[in-house]
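Undergrad: Pulled these from Swiss-Prot:
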BINDING   Asp22, Lys44, 71-80, Thr131, Arg192, Gln201, 221-222  substrate binding site
ACT_SITE  Lys73  active site, proton donor
Amino acid sequence: MTLTASSSSRAVTNSPVVVALDYHNCDDALSFVDKIDPRDCRLKVGKEMFTLFGPQFVRELQQRGFDIFLDLKFHDIPNTAAHAVAAAADLGVWMVNVHASGGARMMTAAREALVPFGKDAPLLIAVTVLTSMEASDLADLGVTLSPADYAERLAALTQKCDLDGVVCSAQEAVRFKQVFGQEFKLVTPGIRPQGSEAGDQRRIMTPEQALAAGVDYMVIGRPVTQSVDPAQTLKAINASLQRSA
C-alpha cells in the first residue's frame, strides 16, 4: 500500500458540490480547473477522462488542491473489484464507486480492501440505478420493479455490506434518508440549477431541491463547466445552498 497523494495538500471544502469533468482534451480540462477554487467544490473524473489521461491526470487535480471522486463504477468478480478499489485508494482519491448490482460478495470484498488504509480510505459508494434509466429500460433487462423500488433494493444491499452510501436520483433521497439513516451518504447526479437544460439526465432536481431532499453530495456538470464564469457560478450555487440550509 502506497499513498501517492497527501490529504494535507488539499483544500478543505464543506461544499456538497462535485463538478463532473467531461473533456476530450486534458489541457482544456486543466484550463477550466484553474479557473475555480477547490474550496468551492470537489471534482469527478469518469471513465472517459481516466481512460484518456490516466492516474497522472488525477494527480494533477490533487496537486491543485481538489478532492477527487473517481467515478469508474467497478463491476467485476470480487477479487478484481477489490484490487481496483485498493488501487483507487493508493491514488489518494476522496471517493470511489462500484455497481451495487455486482452483488454482496463483490461489495464486501471492495470494502475489506480498504481496511488497511484506515482513516485515509476513500468513501466507498455503490451505484444503484443510473439516472438515465426509466421503467421501460429496466423492463428490457427483465426487472419488473420501478426505478425507485429497484434502487431501494440495491441500496439496502449496499448498507448491509457496510458501504458508505449510494449514488441515487434526487427523487429517492427523501425515502432513502428515512429508511437508511442520516449517516448513509447519498450522491446524486442530474443536479442542474434553475434554467439549465436537462441534457441526457432523466430524473433531475435543482441544487436547492436536492439539499432539501437530503442529498449529501450533488454532481453538477455542464451548468458549471460550460459557464462563461464557472467560478462565479459555483459561488452562486454554494450561496443559494447556504441560504436554503
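Any Cβ shown, glycine's included, is placed from N, Cα and C.
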Undergrad: When you measure from the Cβ of Lys73 (active site, proton donor), how many other Cβ atoms are you left with inside 10 Å?
TA: 17
Undergrad: Looking at the binding-site residues Asp22, Leu72, Thr131, Gly221, which sits with the largest number of other Cβ atoms within 10 Å of its Cβ?
TA: Thr131
Undergrad: Starting from the Cβ of Pro78 (substrate binding site), draw a 10 Å sphere and report how many other Cβ atoms land inside it.
TA: 18
Undergrad: Tell me the Cβ contacts of His75 (substrate binding site) under 8 Å, same chain only and six or more apart in sequence, or just say none.
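TA: Within the chain, His75 (substrate binding site) has Cβ neighbours under 8 Å at Ala81, Val98, His99, Ser101, Gly102, Met106.
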Undergrad: Return one of helix, strand or coil for Asp22 (substrate binding site), based on DSSP.
TA: coil
